[in-house]
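Read through the structure below, which is laid out as structure tokens, and then see the notes.
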Amino acid sequence: MAIANLESGLGAATMESWGGKVAAFGSNQTVVDKVSPDMMHLIDPHWYQFPPMNPLWHGLLGFTIGVLGFISITGNGMVVYIFTTTKSLKTPSNLLVVNLAFSDFLMMLCMAPPMVINCYYETWVFGPLACELYAGAGSLYGCVSIWTMTMIAFDRYNVIVKGIAAKPMTINGALLRILGIWLFSLAWTLAPLFGWNRYVPEGNMTACGTDYLNKSWLSRSYILIYSIFVYYMPLLLIIYSYFFIVQAVAAHERAMREQAKKMNVASLRSSEAANTSAECKLAKVALMTISLWFMAWTPYLVINYAGVFENASISPLATIWGSVFAKANAVYNPIVYGISHPKYRAALYQKFPSLACQPSPEESGSVASGATTACEEKPSA
């Protein structure tokens with residue numbers, strides 16, 4: 001009888017637990033209910049109007065971030081390792097590529113594991129300090145990535161547009177640029193820790209970011225000024241660089257065709273033309289990477305602006321997809337470089353033969369093989 005009562009008690013408790021989860025979606029429970037007491041001062045009243053999210057969303061988010069984290073950490077780790085251990089890839093320009101991969105590596109190393117754990121518990125479980133550090137890390141690595149891409153665009157502009165007249169970037173010059181990028185990004189990251197805006201949990205309560213719901217104009221000003229210096233300014237500078245790069249490439253190709261026509265030959269492909277073609281290939285890779293960056297971070301910017309200007313209701317589900325898109329950016333770069341850099345693929349095959357990423361003979365011995373070492377070749381021209 002006692003066992004029967006115990007079993008019926010357990011069954012009732014289980015049914016009550018499941019019933020509670022189901023009923024939550026039609027009751028007065030909110031997405032904030034599972035937040036620990038020490039985090040409550042960081043929660044904006046806006047989130048109290050939303051019911052708890054379906055646990056399936058948390059499971060899907062945790063699985064997605066876990067997979068993206070594994071791919072990013074592995075891929076970017078390979079990029080850093082191969083570019084720093086392969087002699088032919090040790091050029092000033094490629095230091096910027098290494099910095100980009102290193103930033104993306106740290107992004108997912110810091111972002112993915114905590115989010116997977118939080119998705120399991122369906123709320124932030126690491127406390128207020130960890131929330132601030134988590135959000136600060138995301139801001140830092142995102143800022144480093146976009147400004148590194150901007151410097152890559154400037155380098156391509158310098159080599160392609162200015163040509164032989166360009167002053168080649170040196171190792172010290174590249175290191176100085178990288179140091180400047182990190183210091184600039186760190187300044188924007190530390191500002192919320194000293195009272196200009198703040199870092200708070202996102203609507204899904206499993207990640208943290210900037211407080212875009214605060215009605216204070218001091219807080220709003222951070223979002224607006226930050227977006228100018230870390231989104232619009234890099235975007236305009238990159239557009240400027242690539243506008244003149246495309247112009248220069250088009251003019252060069254046109255001149256080559258006219259010269260070939262005058263000489264009554266099919267084409268002209270001197271060593272100088274080969275170098276220019278290699279530069280163009282690397283420029284395309286950089287342009288693709290930058291395009292993916294803006295595709296990834298634009299949804300997050302839209303969410304921030306919606307909070308600042310109060311022109312749309314932000315739901316916890318929307319913040320999930322904003323986080324996923326932003327963090328997925330760290331996955332793209334190693335894939336882009338693996339596909340588009342023949343010398344990188346050759347080195348990858350040499351160090352990891354099982355990956356079978358060896359370039360074709362035409363690529364390894366052709367113009368394209370100079371794509372990642374164009375700056376090394378250019379000064380000697």
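The chain as shown is numbered from 1 upward.
Every residue, even glycine, has its Cβ placed from backbone N, Cα and C.
As the structure is a computational prediction, the values presented were derived from the model and not from experiment.
TrEMBL tags one of the stretches 56-83, 308-335 as transmembrane segment, and that stretch is 56-83. Computed over the domain 'G-protein coupled receptors family 1 profile' (75-337), the whole-number mean pLDDT of the model equals 85. Contact counts against the transmembrane segment (174-196), taken as Cβ pairs under 8 Å, peak for 95-121 among the stretches 56-83, 95-121, 223-251. Distant neighbours of the transmembrane segment (95-121): 34, 58-59, 61-62, 65-66, 68-70, 72-73, 76-77, 79-80, 83-84, 130, 134, 137-138, 141-142, 144-145, 148-149, 151-152, 155, 171, 174-175, 177-178, 181, 205-207, 289, 323, 327, 329-331, 333-334, 337, 372; these residues of the same chain sit at least 6 beyond its ends, with a Cβ under 8 Å from one of its Cβ atoms.
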